[in-house]
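Per Swiss-Prot, these features apply:
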SIGNAL    1-20  signal peptide
DOMAIN    29-69  domain 'EGF-like 1'
DISULFID  Cys40-Cys55  disulfide bond
DISULFID  Cys74-Cys86  disulfide bond
DISULFID  Cys82-Cys95  disulfide bond
DISULFID  Cys161-Cys172  disulfide bond
DISULFID  Cys184-Cys197  disulfide bond
DISULFID  Cys247-Cys260  disulfide bond
DISULFID  Cys288-Cys301  disulfide bond
DISULFID  Cys322-Cys332  disulfide bond
DISULFID  Cys343-Cys355  disulfide bond
DOMAIN    357-398  domain 'EGF-like 9'
DISULFID  Cys361-Cys372  disulfide bond
DISULFID  Cys804-Cys830  disulfide bond
DISULFID  Cys857-Cys878  disulfide bond
Amino acid sequence: MGSGRVPGLCLLLLLVHARAAQHGKAAQDVDECVEGTDNCHIDAICQNTPRSYKCICKSGYTGDGKHCKDVDECEREDNAGCVHDCVNIPGNYRCTCYDGFHLAHDGHNCLDVDECAEGNGGCQQSCVNMMGSYECHCRDGFFLSDNQHTCIQRPEEGMNCMNKNHGCAHICRETPKGGIACECRPGFELTKNQRDCKLTCNYGNGGCQHTCDDTEQGPRCGCHVKFVLHTDGKTCIETCAVNNGGCDSKCHDAATGVHCSCPVGFMLQPDRKTCKDIDECRLNNGGCDHICRNTVGSFECSCKKGYKLLINERSCQDIDECSFDRTCDHMCVNTPGSFQCLCHRGYLLYGVTHCGDVDECSINKGGCRFGCINTPGSYQCTCPAGQGRLHWNGKDCTEPVKCQSSLGASKAMLSCNRSGKKDTCALTCPSRARFLPESENGFTVSCGTPSPKAAPARVIHSGNSTVSSSCHEAAVLPVKQRASFKIKDAKCRLHLRNKGKAEEASRILGPGSVPCSDCLVTFIHLKCDSSRKGKGRRARTPPGKEVTRLTLELEAEVRAEETTAGCGLPCLRQRMERRLKGSLKMLRKSINQDRFLLRLAGLDYELAHKPGLGAGDRAELVEVCRPGQHRAGTKCVSCPQGTYYHGQTEQCVPCPAGTFQEREGQLSCDLCPGSDAHGPLGATNVTTCAGQCPPGHHSGDGFKPCQPCPRGTYQPEAGRTLCFPCGGGLTTKHEGAVSFQDCDTKVQCSPGHYYNTSIHRCIRCAVGSYQPDFRQNFCTRCPGNTSTDFDGSTSVAQCKNRQCGGELGEFTGYIESPNYPGNYPAGVECVWNINPPPKRKILIVVPEIFLPSEDECGDVLVMRKNSSPSSITTYETCQTYERPIAFTARSRKLWINFKTSEANSARGFQIPYVTYDEDYEQLVEDIVRDGRLYASENHQEILKDKKLIKAFFEVLAHPQNYFKYTEKHKEMLPKSFIKLLRSKVSSFLRPYK
């Protein structure tokens, strides 16, 4: 992976291969070497080539392959490296040694044979070994016989030669005249005194180990070119000055020759010359946690995917992918060696890390009886006009009730009373209070049910009376009032009122004390917000002071049946408005006097506390958790789902049987529909309420007693009031069917299809939808803005985002294939343009890239100067490379194009880049072109680590910060990586040091 020339060559080879595949079938190549139709020499090798062959002479021969001649290595000046004789053989040579020598292990040197070591050399008495030969010696009183091995005892008197004083060095011969004549053994010459014998080169190579030359003074020894003569003048020893003494590595001259040694990581072999690499991984895995890879003279630890090597270069630590930017769209869970992305409720995972909204309405219409509206992360069922309101299960529609009395429902209550100059007010919510803490300094409380946004009732005037056209039409819109109060220097928090104050409030707000007792308040919405204001010069509030603002919305019912001849609906509405306004005036005074209570779930809460309280009261408010929270250690934690905050015990209590709570931090639980006080404790939603009809059943309200779904219908959910028909006249094999799969269809549809009940055929899922199951009557729409490449998709994994990814900044950025790290879609084209600031150039790092090789380069990534095919190309590839590479752009600007075919797909890429000062171009080029940057697996992992690549970019983009960088990040990078960069950066920044 690298420059544009290599991928270009690959494309050319693929093109040639494709054309050969089209036109070359008829002209099939013949292997002449196999058939024996070649005319190569017997000492040549036949090598087949397309449409021909070639002949190559074997090693040790020379020629054109059709005529080969043996090379006589013994004719070389160094005698082929042989120290004695060289014997040429066909295609090779061998070294031989003179008598008295044997061939060394290297096959070239000759070493002395110690003849005395075996059978005493055949000597009768003593044997003396010499270089290239040996001699037999006799003890005193004996002399050596003519056979030079046995010893003869000398007589005291007798023949001359038997006399011990005959004077011959070797052999004594008696002459006819009674004298003696001395002779020498073979290989010796008689000296001028006719008694002594002089050694020549013909005996034992003159005592020389290598070469011998006869001189008047005797043999003169010499050595082969790779050796030097020892101080004894006979032995040849190796020297470090010549060919490093034959050592593989380090050589030391010693009295006995050379002494070879090996560096750390190598072991000296038995020949005392060769160094062999030590495989450290064989012993205890080299101390590596995961993977040990032996290298020449050393070893390298590496980690499994999902782990990183620590600075001790032995231990592996899990990579916390969740700490990276852009790892997951929603939630990220780190796991050993990997991670998992999770999506919020109502969203579905696609492309490994992305979350898209689920269109629940495409899944069997969301289970809704009538209409379904998809919303981000959820959906909502709707009921058409005349079909009643939405059922508690959120999917069915209840039958409209024509005449419903407003007296039966629990109402909210605004109670105010005056005692002297003090006004005391309380907002009471008997049930279904919704408490929502919006922030640390704010909350909202709602009570009752807001009026629907409906048109006013049609009223028919008949004489002096007013009559509605029907009971349903007689509903009159309620009177609405909205007020806003501001309290300075107050905290916007609810605090449980102490017992004494609560009893006092009960006396003040006793029976009959409600000035608006005939005001049927149906809905209350209170919003409280505290904030610091007054930071500006013109602000009225002093800087740093807190301001609490209360916003109250009230709805009061107006009864049409209370109209009289003297007061119609407009009159009733005006009366109600005056009463509400009067109550709000008293409410304002009670708030300013800190005499306002909020009654929720039978407990009284003070809404806001002004700073005029006593020290004891203020101390009581310190570190107090707000309602809906309990203390867990030193923190305030909201009560979880399925519980409510019990103000008296200040604890979270599970919802009683027959109730549920879907929200956190609530002050009460909601009653289950049709509750008979049965069911589990701590129910978290309405579906867990007891007594619901199970799947395959229905009832009028969704609760028992239930009826099984009749044949030809089904119901997959609990608590429903109806069953869905199979459609198309289809029936089911039994009652109580729970799925369309129970419908007796005429054909069985496989995944990627849905059953059309109108034509009773299986239809392929359209592009942008999928179906993973058999025998279904719908296809699920792909999440978010994703789509599929083709129709008939069977999995959400085939849903892909077609948008080109990346962020293009002036100094740093990245490009990303669509749907990364999931497989990219087919038939897309992406174009990115990188335009760096003036006097800056572009550095690209490709950590890894995945493109299908079997696609015949249908998916291509190319980086050029511009869109013109003839412009300067920086990088081009159509293959997968998991080995990272860094390179500089060959042009100041880059036009990047990624195009995919309709065939195979792969993960694609995420490629970061950085722009650097052109003054450092030489340094940056020196770094990224050094092969050592990629030789080590640990260095490669640096280029893949999203955190380290940022740090690496700092060095490459701003080399002057290198030394500060190494101190700051020395624990992040392996020593070998820092060592690699140190010399380059130092020599560039300090060229004269």
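Any Cβ shown, glycine's included, is placed from N, Cα and C.
Features recorded in Swiss-Prot, as mapped to the structure shown.
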residue : record         : Cβ within 10 Å
Cys55   : disulfide bond : 19
Cys86   : disulfide bond : 20
Cys161  : disulfide bond : 17
Cys172  : disulfide bond : 20
Cys260  : disulfide bond : 23
Cys343  : disulfide bond : 20
Cys361  : disulfide bond : 19
Cys804  : disulfide bond : 18
Cys830  : disulfide bond : 21
Cys857  : disulfide bond : 18
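The Cα of Cys172 (disulfide bond) lies closest to that of Cys184, out of the disulfide-bonded residues Cys74, Cys184, Cys247, Cys372. Proximity of distant same-chain residues to the domain 'EGF-like 1' (29-69), defined by a Cβ-Cβ separation under 8 Å and at least 6 residues beyond the stretch ends, is recorded for 90-92. In terms of DSSP helix, strand and coil, the domain 'EGF-like 9' (357-398) has 7 helix, 13 strand, 22 coil. A 10 Å cutoff on Cβ-Cβ distances gives Cys355 (disulfide bond) a total of 22 other Cβ atoms nearby, all chains included. Here the candidates are the disulfide-bonded residues Cys40, Cys82, Cys86, Cys288, Cys355. The one whose C-alpha lies nearest to that of Cys361 (disulfide bond) is Cys355. In this structure the C-alpha atoms belonging to Cys288 (disulfide bond) and Cys260 (disulfide bond) are separated by 31 Å. For the domain 'EGF-like 1' (29-69), the DSSP counts in helix, strand and coil order read 4 helix, 17 strand, 20 coil. Taking CA atoms as the reference points, Cys804 (disulfide bond) and Cys372 (disulfide bond) are 32 Å apart. Here the Cα atom of Cys260 (disulfide bond) is found 54 Å from that of Cys161 (disulfide bond). Looking only at the disulfide-bonded residues Cys197, Cys301, Cys332, the densest Cβ neighbourhood within 10 Å occurs at Cys301. Rounded to a whole value, the Cα-Cα separation of Cys355 (disulfide bond) and Cys197 (disulfide bond) is 106 Å.
The two recorded residues, Cys322 (disulfide bond) and Cys95 (disulfide bond), show a Cα separation of 69 Å. When the disulfide-bonded residues Cys332, Cys343, Cys372 are ranked by how far their Cα is from the Cα of Cys197 (disulfide bond), Cys332 comes first.
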